[in-house]
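What Swiss-Prot records for this protein:
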- GLU111: site 'Important for acyl-CoA specificity' (SITE)
- CYS142: active site, acyl-thioester intermediate (ACT_SITE)
- LYS163, SER192, ARG249: substrate binding site (BINDING)
- SER192: site 'Important for substrate specificity' (SITE)
- HIS235: active site, proton acceptor (ACT_SITE)
- GLU237: active site (ACT_SITE)
Amino acid sequence: MPLNLPRHLPAIEILKRESIFVMDDLRASAQDIRPLKIVLLNLMPVKIATETDFVRLLSDSPLQVNVVFVKMKEHQSKNTSLEHLMAFYKNFEDICEENYDGMIITGAPLELMNFEEVTYWEELQKIFDWASKHVTSTLYICWAAQAGLYHFYGIPKYSLAKKMFGVFQHTTNGSNVPLFRGFDSEFYVPHSRYTEIRKEDILKVPRLKLLVESKESGVHIVSARCGREIFMTGHAEYAPNTLHNEYQRDLDKGIQTEIPKNYYKDNDSTKDVLVSWVAHANLLFKNWLNYYVYQATPYDPKEIEFLEDLNVKE
């Protein structure tokens with residue numbers, strides 16, 4: 001997908017080296033088409049890596065996508081320079097008067113805190129409520145999925161006895177769901193978290209549909225409003241070395257984290273990473289953009305706020 005990104009965004013050069021086509025805003029402005037407008041609310045501390053992960057997955061389609069990066073106003077980043085944030089990010093108040101075709105809300109390393117203890121919880125709730133009316137389809141990732149399910153549907157999260165860490169096998173609960181068109185019957189997804197949401201709580205809420213789960217890592221994808229809200233507890237967007245970097249970081253901090261499961265060849269951290277999730281991750285995001293964004297969004301963005309559920313069969 002030709003992505004319209006701000007000139008000089010670090011992800012552009014990284015992805016060009018991977019032979020992924022992106023265009024800057026100067027070239028994109030010369031194309032006389034209605035681009036899809038996607039918001040990326042980046043809650044992660046190291047923002048450049050997260051930007052690159054998601055931009056990589058939003059690429060490789062004939063449609064043009066304008067990506068707008070948004071940060072929390074009530075949080076001061078310690079791991080991303082102010083210069084980068086000033087150059088490439090907006091605050092919520094800068095975009096709240098517009099409608100968008102799609103939105104991605106990333107995870108955040110806040111799992112062991114109560115939601116109400118998060119310094120920007122009130123601001124985040126306002127963004128959740130805004131997205132439910134002003135965005136055609138929103139992906140909530142990892143902690144954001146837990147936060148969104150709690151905010152909208154009262155679903156609690158539970159602490160795990162140990163970190164869910166590795167790449168786990170998953171199956172879908174509906175072969176005809178457009179989000180999984182072209183998927184194999186079993187596929188792998190990385191997880192890295194200390195908390196979980198539980199199947200029995202999801203099944204108590206009629207408006208929620210459990211789409212993907214794993215025998216080992218539990219609930220992965222839950223849908224609401226026929227795909228206007230999609231909650232994903234795993235990290236399909238992770239680059240090959242992300243879990244390795246997290247593992248080394250934990251060891252450097254003296255945290256006795258177990259080796260990520262199903263990740264290294266022969267489960268040996270001195271050997272190569274076995275990349276088993278990237279093909280399905282790319283297909284997942286292509287399907288989301290096609291069936292839940294491009295085919296579902298009105299041509300006139302003003303009509304987005306009048307949508308109820310999407311007309312997507314699940």
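Glycine is treated like the rest: Cβ placed from N, Cα and C.
Comparing the Cα of the residue listed as 'active site, acyl-thioester intermediate' with the Cα of every entry in GLU111, LYS163, HIS235, ARG249, these being the recorded positions, the smallest distance points to HIS235. Considering other CB atoms within 10 Å as the measure, the emptiest surroundings among the recorded positions LYS163, HIS235, ARG249 are those of ARG249.
Other Cβ atoms within 10 Å of the Cβ of SER192 (substrate binding site), summed over all protein chains shown, number 22. Note: the CA-CA distance between SER192 (substrate binding site) and HIS235 (active site, proton acceptor) rounds to 8 Å. Here the CA atom of GLU111 (site 'Important for acyl-CoA specificity') lies 15 Å from the CA atom of the residue listed as 'active site, proton acceptor'. In the three-state DSSP scheme, the residue listed as 'active site' is classed as coil. Site extent for substrate: the farthest pair of Cα atoms among LYS163, SER192, ARG249 sits 14 Å apart.
Within the same chain, residues at least 6 positions away in sequence whose Cβ sits under 8 Å from that of GLU237 (active site) are THR50, ASP53, PHE54, ARG56, LEU57, ILE141, ALA281, PHE285. Residues PHE165, LEU243, GLU246, TYR247, ASP250, THR257, PRO260 surround the recorded substrate site, their Cβ atoms falling within 8 Å of the Cβ centroid of LYS163, SER192, ARG249, which are themselves excluded. Across the recorded positions listed here (GLU111, CYS142), the residue whose Cβ sits among the most other Cβ atoms within 10 Å is CYS142.
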